[in-house]
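J.: Input: one structure, supplied below.
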Amino acid sequence: MELTTIWFLLVAVLFTGYFILEGFDFGVGMLLPVLGRDDKERRVMINTIGPVWDGNEVWLITAGGAMFAAFPEWYATLFSGFYLPLLLILLALIARGVAFEYRHKRPEASWKRRWDNAIFFGSLVPAILWGVAFANILRGVPLDADHEYVGGLLNLLNPYALLGGATTAALFATHGAVFVALKTVGDIRARAAALAVRLGVAAAVLAVAFLSWTLTIRSSTAAVVLAVAAALALLGGLAAATVRREGWAFTGTAAAIGLAVATLFAALFPNVLPSTLDPAGTLTATNAASTPYTLTIMTWVAVFFTPIVLAYQGWTYWVFRKRIGVAHIPQH
Amino acid sequence: MDALDVARWQFGVTTVYHFLFVPLTIGLSVLVAILQTLWHRTGDEKYLKLTKFYGKLFLINFAMGVVTGIVQEFQFGMNWSDYSRFVGDIFGAPLAIEALVAFFLESTFIGLWIFGWDRLPKRLHLASIWAAAIGTNLSAYFILAANSFMQNPVGYRYNPDTGRAELTDFLAVLTNKVALITFPHTIAGAFLVAGSLLVAVALWHLIRHRDSADTPAYRFAARFGSWVTLISATVVVITGDIQGKIMTQVQPMKMAAAEGLYATESPASFSVLTVGSLDGSRELFALKIPYLLSYLGTGDPNGTVQGINDLQARYSAQYGAGSYTPIIPVTYWSFRLMIGFGLAAAAIALLVLWTQRRGRAVPNSKWLLRAGLAMPILPLLANSFGWIFTEMGRQPWIVFGEMLTRDGVSRSVSLTEVLTSFTAFTLIYAVLAVIEVKLLIRYAKAGVPDVTPAPEPDDTDDAERPLAFAY
């Protein structure tokens, strides 16, 4: 396989991992005001993702780094072109990350309410905007022959991209509700499970519409198969959620998100950022790539370190596999 | 004002801000790990109290370092896309490796450490903080290797067909002599901050709460922190000296700019303080140490140090007409403030050790208290000015000798967009700074916690026990 193809796959895998993992912790954040009826319940929710959210976010940093190293043109055009959405994502991630750490550091209700808002908006905004961004990548954006983005902000806010944003937000909210049901005990668990089913139906409708629209824009056999698999996984997850098989439900929503992201990458390949203007402006896995020397070095680094990272990150999930409930939250 | 200026200001503000948290993360992660190791080895509760106490301050700071760090990675592509295109083949690799090798280690094991108290076996819990500390320090190496390429590009060739710099020798990039010396200098600078914080907080408690039950713990922290400060100050000076010699070789203009040395001199004297006209034509006042600059720059008291005017002429001939001189007052003063603030912190550490010599109680002195409280701020400023010096001293280059800063900026980002982001970052950073400092003071004042020894978790199914250190 070509090195550029390997790195296209690796970048796809990193973003897929990022959306599966941070997907549920975005979901938990978005549902904080909905499922968390009092301070203790909100603390339970935050503590379900407490030990892992930071590690989940490193998937994004690694995906960005891998894109920079393997496809500098893609990284440069995308990040400068999607300037304002990425700014909003950054501001959201800043507020949210600090909120997790600082929320319980003072007892006042007003203090906690402010950080709860930071967690809610800090999760909702990226959950929508990542969908908008990836839909635009797939749809293509106006690039000139120098691969410079020449559209404005409004160009990114087209109906297809907005549907993409609604889809990711709904999928992540469902994924988060399933995760809360999986990781908690008591009253909140039952409410989370019920909410997961209702959210899941909306997410399924949006996802089917979005993926179908996607396949009319660009498609491949692999993309069709993956899209169908994503829909089936989501339906399977919802069925499991309905009968309160939370482990299977989470497997289903995780697989659905992973397969949906994979659909986008499969449909996109071999392009990485199509141009809607000058076809010469289109960035592909070949013309956006680094030299074979750099890709070779990076491949060895990835081959050696990725299994180690997966092992210890997986182990963390195992360590914190226990359900928690309001009884576990300390008084102060 | 154009988009380039604002993009530069934004990079400067967000990077200096990010680096207010990084030194504490680097240094304090290791110091907390050492404290916890001491507790593990001796069973002395004093060390456990200090671990939890400074651990809390560490985490308040750590969160800020993490969230402001993401901005840095995104900013290369968002605001410096032509730079990213030009160096991506070389510069992207250390960034990706930093994330894969260091950030995963750091973030995952920090999570284990925060939530693992009384839950993980003690040894494993101790190993978690060490793993996080190693990850943090490792990350510094990769990002400094990337930065060193901008100061002294090595291991690459310019490809005229693509107009890009291409990697030819990755090992050369990782063993860039600028990176090899900048790493210990930066790490020691970080420990200077962390040691100073230990002293400041402990000294405050020793003076304010005399003869409390926790006095032995604070005494230990004050002395330990002072030694860390002194040792790291020594390392900072030694590595800084070597760095100066390397800088004289690879970036002579930066050395000349540090000194405001306009004419080539041999031997050259070190300016302690010079007041004069900006073009160096006139000196109103000068306090100089003869031979010192020659020695610092070349290792030979009679060595030649090239001046700004000669270098400017040489670069104009080599790279075409234009200014190749950094803003001299900025480089001159940031260089001096870096050294001055760093040495001041070391002097206070010496004073703290002196006041506690042979078991003496800390004197009840208002001045000692004030000096102690100034301590962590001084090396933080030294760190900031060090970076301002090294980055401003590289100007007008973004990659020395290869690409000008003005050629690296994103062409597709408008002035309005970059003004929006600059304003937004500055506002959110200012608000968070106030919140963070208030929290740090609150938790520093609260003092060391009560610790009741927790049993070794023999039964991991003990799910009803409340979480320790929960969010």
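Positions of Cβ are set from backbone N, Cα and C atoms, glycine also.
Note that this is a predicted model, so its numbers are computed, not measured.
This is the feature table in TrEMBL:
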| type | residues | note |
| --- | --- | --- |
| TRANSMEM | A:6-36 | transmembrane segment |
| TRANSMEM | A:82-99 | transmembrane segment |
| TRANSMEM | A:119-140 | transmembrane segment |
| TRANSMEM | A:160-182 | transmembrane segment |
| TRANSMEM | A:194-215 | transmembrane segment |
| TRANSMEM | A:221-241 | transmembrane segment |
| TRANSMEM | A:248-273 | transmembrane segment |
| TRANSMEM | A:293-312 | transmembrane segment |
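Can you walk me through where each of these features ends up in the structure?
T.: Residues of the same chain lying 6 or more positions beyond the ends of the transmembrane segment (A:119-140) and with a Cβ under 8 Å from any Cβ of it are 19, 23, 25-30, 32-33, 46, 78, 82, 85-86, 88-89, 91-97, 99-100, 103, 156-158, 160-169, 172-173, 210, 214, 217-218, 261, 264, 267-268, 272-276, 282.
Using a Cβ-Cβ cut-off under 8 Å and counting only residues 6 or more beyond its ends in the same chain, the transmembrane segment (A:221-241) has close neighbours at 171, 178, 181, 193, 196-197, 200-201, 203-204, 207-208, 211-212, 214-215, 248-253, 255-256, 259-260, 262-263, 266-267.
Counting only same-chain residues 6+ beyond the ends of the transmembrane segment (A:248-273), those with a CB under 8 A from a CB of the stretch are 5, 8, 12, 15-16, 19-20, 23-24, 71, 74, 77-78, 134, 137-138, 140-141, 143, 147, 167, 171-172, 174-175, 178-179, 181-182, 196, 200, 207, 211, 214-215, 217-220, 222-223, 226-227, 229-231, 233-241, 282-286, 288.
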J.: The transmembrane segment (A:160-182) vs the transmembrane segment (A:6-36): three or more C-beta pairs under 8 Å (separation of 6 or more)?
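T.: In contact, yes.
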J.: What parts of the chain pack near the transmembrane segment (A:82-99), using Cβ distances under 8 Å and only residues at least 6 beyond its ends?
T.: 29, 54, 57, 115-116, 118-119, 121-126, 129-130, 132-133, 136, 149, 153, 156
J.: Within the same chain, where does the transmembrane segment (A:293-312) have neighbours whose Cβ lies under 8 angstroms from its own Cβ atoms, ignoring anything closer than 6 residues to its ends? I mean 6 or more beyond.
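T.: Same-chain contacts beyond the ends: 3-4, 6-7, 10, 66, 69-70.
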